[in-house]
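Worksheet: the structure to be examined is printed underneath.
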Amino acid sequence: MTEHLAFLILGLGSGAVYAALGMALVVTYRSSGVVNFATGAVALYVAYTFAFLRKGELLLPVPGLKQSLSLGAPQTLLFSLVVSLAVAAMLGLLLYGLVFRPLRAASPVAKAVASIGVMLLVQALLAQRVGTNPVSVQEILPGSVYTWGDVRVPADRLWFAGIVIALGVALTLSVRFTRFGLATRAVAESERGALVSGLSPDRIAAMNWAMSSVVAGLSGILIAPIVPLIPLSYTLFIVPALAAALAGGFTRLGPAILAGLAIGMLQSEATYLQATWDWFPSAGTAELIPLLVILILLVLRGDRLPRRGSLLPPSLGRAPRPRGVLLPLAALVPAVVLLMATDGSVRAAVITSFVFGVLGLSQVVVTGYAGQVSLAQLAVAGVAAFSLTRLTTDAGLPFPVAPILAALIATAIGVLVGLPALRLRGLPVAVVTLAMAVTVEAAWFRNADFNGGLTGAPIEPPSLFGMELGIGAGEGYPRIAFGLLCLAVLTLVALGTARLRTSRLGASMLAVRANERSAAAAGIDVRRVKVAAFAIGSFIAAIGGTLIGYQQNVASASSFTALGGIGLFAMVYLAGVSSVAGGITAGLIASGGIVFLALDRWIGFGTYFGIVMGLLLVVTVIRNPEGIVGPLHDLAARFRQRPSPGPAAEAQALDLQTVEPPGNAVLTVGSVGVRYGGVVALEDVSFEVREGEILGLIGPNGAGKTTLVDALSGYARCTGSVSLDGRGLDGLPPHRRSRGGLGRTFQGIELYDDLTVRENVLVGTVAAVSRAGAGRAPEPDLDRLFGTLELTDVADRPVAELSQGRRQLVSVARALAGRPKVVLLDEPAAGLDSAESRWLGERLRAARSGGVTVVMVEHDMGLVLDVCDRVVVLDLGRVIAVGTPEEIKADPAVVAAYLGGAHPPEPAAQTEEVPS
């Protein structure tokens, strides 16, 4: 028991670092919405500054200059501490002003990617300036040992933890009881409100960035005498720090501090158990602890679908649709020539570009298509490589059976990595996958029981029908046959990825990436699409991992590090994460690739590669989210511009089964109620929708109209019952209701801005195809639908280029493309003028005459009274009237609800229509 307690207390050292970095993450996020992955790198830079000052030198971070400036003599502890923390504050101000202020309106994912760029930049800068040799730092805190009975504990751990706790208390008090803290909370609640109050959100955010950098820098300084300074040593402190910040919900310092301390203590205890108990895993348990904390906190808090108002703007750029295969296949010719015409290191660089092009395409599928920010693709590749060693050397399986089986094993692991994405989206997925990559690296790749020791685990070279396909050795290294094998794999993967983009599954992935709520409304099973994306992306990454294994003839941990996975993501994002061309370009600019080799030989670029990549990633996020290949796609689009189409087709009824209204009840709503905590949004709402009619749903603002639509379509939990065509929908998720024949649009339109009009509407056909069964659904006549809604002239334009009115029509078209029995339209005339509203009414009548039953939420009373057969009126979550438009206009309760008073209006103020 004594040893357990001693190791728990020893863990306070690392726990204090995690707690301090967690505090810094909370301060940064609370003021500017940035999850700063570079927090550990900031701590590392400040620690190096302190260490050099103590030696009497000032570290110069500018490449090309000498490493440091001599100050004549070692500096005192106080002077070094003050100067280092001042440097930390300046660094925080620079980061906010140059990087994150320009991104203040960007999504959290874009801000996080920029912080990854900063992390890589600082890490590479330090590696270039100070090398990789450890730098020792003199003791700062008391080095004595406290003894309690049989427990001996170094005093510096206790002092460190105490300083962090005191700092946390001081920051908490400042936030609660100072004007600066009040201003910070005001900005966090509403930047617009803060501006109206005379506060400057930029100034407050800058001060918080300076403060967070000082906190991170102080933790780096205090841990430096305990953990040797190496450029890679502090960067991954960010993983347990993220777990600590999550414990505080990125808003509260107290829970973040306690969680950070607890994680450090548990890691120390796990290390002790590894060395003590034979049955305990020999590696990876310490890294598993923050992963478990992250999973528990994120998955328990996550939602299957984002709530209304929680959607984020896209930040990954367009995903251009591939056009044919002739040009890509033509690119094979120079690739083969390059292999044949080169040898030695140049040919090796060409092969490296091919291999990393495959890995880049795996990132394109997972992140570029499906929008899941995975930092574990290189870890999945490592799983395949290490599996390949067992399959070739132990099991003796031949090529290509061994690499395919290894890829399937890695795919299963990749799907497990992606399972948290079923309840998470965006940035939390990046946090989870990074933690998983760190855990897999420690538990598998660096585990002496599995990794083959210092030399790595050997892999038998591939051969097929007696033909050697391995990379070879000696004078013929690298062999052309292996280069051709890698090129063939890259070609097949690229064609498959392009085909995926043009398929219905690819369109579904892009729909999920753009908007999970509307994707589910179109009949897409969001969870299944995410799993498919991780499975396909993992298989591609695994194939790339087997190629790396064959290229090196061993599987080694150094090839598949978590930091390398971050670098892979950065490289693909820089090249263009949303396109096939971007994935292949990532291979060209990879470290060790052909572009890297050329620049290194011409201008000595190699030592500055990491610095330039980090800097370019930051610039790309700010200026060009579509990456290097973005301008090329723009140029190609201009060449492919089509001539203006002829006049739009005449409005005509949709090709659906014609039903003469009024018919039998097709949608029945019985005693539906919705509560949010103690707030009653809907109560005892009951009505029927008859087949073939247009039913209006009206009421004053806050009456519960959109909440009712959410309840009917499965987005809001409700009591009561909902049935469609006699079949109960209670408990079904949104995509199942859509496939059952209940379509909907959204008040915020919620289109997929990265897709064209045609692709948006094609996504809407998923419900019809699923309902009829694969292979039995007729091909949707989209051109006929475009003619009905007069969208023919914009069918192949991105919806981001359309006016508000046209976007509304695309939303309606997408809902109708699923051939629903009933379609719920949530304010389809929003943003339209009176003429456009009347025109929309004509389109809705055309749809109704084709057999579509419509429930329309609308504030345009002229439209409602003109096109609706019946109207349901809500007020304060209850139905107060149901009837024909004429009956509704004459109902005193309806007039009172809209006018807000119980007294009848003066005769001169009476109108024929209900005011909107």
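Glycine is treated like the rest: Cβ placed from N, Cα and C.
Cross-referencing 206-226, 878-898 with TrEMBL places the feature transmembrane segment at 206-226. Using a cut-off of 8 Å between Cβ atoms, the transmembrane segment (602-622) and the transmembrane segment (108-126) share at least three residue pairs, counting only pairs 6 or more apart in sequence. Contact between the transmembrane segment (6-27) and the transmembrane segment (108-126) does not hold: fewer than three of their C-beta pairs are under 8 Å, each pair 6 or more apart in sequence. Same-chain residues lying 6 or more positions outside the transmembrane segment (108-126) and placing a CB less than 8 Å from one of its CB atoms are 32-38, 40-42, 44-45, 48, 61, 63, 95, 99-100, 231-232, 235, 238, 312, 315-316, 373, 426-427, 430, 563, 566-567, 569-570, 573, 609-611, 613-618, 620-622, 625. This prediction places the mean pLDDT of the domain 'ABC transporter' (667-901) at 86. The transmembrane segment (480-500) and the transmembrane segment (158-175) are not in contact, since fewer than 3 Cβ pairs between them lie under 8 Å (pairs 6 or more apart in sequence).
Beyond the ends of the transmembrane segment (158-175), by six or more residues, the same chain brings 9, 12-13, 15-16, 19-20, 23, 27, 141-142, 146, 181, 184-185, 211, 215, 218-219, 222-223, 253-254, 256-257, 260-261 to within a C-beta distance below 8 angstroms of the stretch.
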